[in-house]
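Per TrEMBL, these features apply:
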type	residues	note
ACT_SITE	Asp36	active site, proton acceptor
ACT_SITE	Asp176	active site, proton donor
BINDING	Ser9, His67, Gly143, Phe144, Gly145, Gly146, Asp176, Gly177, Gly178, Gly198, Ser199	substrate binding site
BINDING	His34, Asp36, His67, Asp176	divalent metal cation binding site
Amino acid sequence: MASKLIAPSMLAADFGNLQRDTEMVNNSEADWFHIDVMDGHFVPNISYGMPVIAAIKKHATKPLDVHLMIEKPERYIEEFAKVGADIITVHYESTVHLHRTLRQIKDAGCKAGIVLNITTPISVLEDILPECYMILLMSINPGFGGQKFEDVTYQRIKKLRQMIDQQGLNTRIEIDGGVTDKNIEKLVDAGADTFVAGSHVFKSDNPTATIKKLKTLANS
Ligand code: DX5
Ligand code: ZN
């Protein structure tokens with residue numbers, strides 16, 4: 001299986017010290033920056049948009065993994081690419097013309113992925129999987145950091161892993177929400193390879209050491 005990646009979620013960073021927290025991620029064993037964009041419609045919360053992403057990009061030395069929790073994301077793909085997104089994932093539930101949106105992301109020069117809410121069946125991915133660099137499975141209801149991980153995620157990962165293997169693809173499986181050093185090994189065993197961690201990293205006493213621990217556990 002592909003090497004396991006850690007993507008700290010900047011939603012849990014200290015926005016008053018964004019450069020400091022960006023550099024912490026640069027200097028850690030993390031692989032990507034996870035960037036959560038919320039519009040107050042698709043999810044009941046508003047996070048941040050282009051200016052903040054541009055500010056992170058200015059100092060980031062690792063790819064930006066941009067998770068769009070916005071309605072009709074096709075309206076903004078080019079703008080997110082322009083401010084520095086490297087990977088853009090859109091919710092299956094947020095756009096009618098998913099195929100067109102994925103093409104749009106790739107045409108903008110980014111890697112494209114789909115996100116599924118917890119109750120959206122894995123089976124909807126069957127025909128679109130070859131178009132995806134990555135599938136992000138939500139392990140919480142999107143909108144807020146610091147929520148409790150939902151155990152149904154394990155069986156969903158297994159189903160998706162089976163589908164990816166059956167189609168002979170190497171699509172990444174990213175997990176987002178409530179990931180900690182207590183569940184990351186079990187998530188790897190189920191078949192996931194990419195892990196978002198927000199509060200577990202940034203609310204810890206030593207975020208750099210926490211990232212290192214997650215990376216070590218995921219790759220052990
Ligand atoms: C929530 C976001 C997550 C969030 C994860 O909608 O998609 O990326 O930052 O936060 P934790 O790791 O605290 O659950
Ligand atoms: Zn996210």
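Glycine too: its Cβ is placed from the backbone N, Cα and C atoms.
Just so you know, TrEMBL annotations are computer predictions that nobody has curated.
Positions of the features from TrEMBL, shown on the structure.
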{"residue": "Ser9", "record": "substrate binding site", "DSSP (3 states)": "strand"}
{"residue": "His34", "record": "divalent metal cation binding site", "DSSP (3 states)": "strand"}
{"residue": "His67", "record": "divalent metal cation binding site", "DSSP (3 states)": "strand"}
{"residue": "Gly143", "record": "substrate binding site", "DSSP (3 states)": "coil"}
{"residue": "Asp176", "record": "active site, proton donor", "DSSP (3 states)": "strand"}
{"residue": "Ser199", "record": "substrate binding site", "DSSP (3 states)": "helix"}
Report summary line: Closest by Cα to His34 (divalent metal cation binding site), out of the binding-site residues Ser9, Gly145, Ser199, is Ser9
Report summary line: For Gly143 (substrate binding site), the closest of the recorded positions by C-alpha position, picking from Asp36, His67, Asp176, is Asp36
Query raised in the report: In sequence order, which residues at least six apart in the same chain have a CB under 8 Å from the CB of His67 (divalent metal cation binding site)?
Result: His34, Ile35, Asp36, Val37, Thr89, Val115, Leu136, Asp176, Val196
Report summary line: Cβ proximity for Ser9 (substrate binding site), under 8 A, sequence spacing 6+, ordered by residue number, returns His34, Ile35, Asp36, Gly145, Asp176, Val196, Ala197, Gly198, Val201, Phe202
Report task. List the other residues in this chain whose Cβ sits within 8 Å of the Cβ centroid of the divalent metal cation site residues His34, Asp36, His67, Asp176, in sequence order. Result -> Ala7, Ser9, Leu11, Ile35, Asp65, Thr89, Leu136, Val196, Gly198
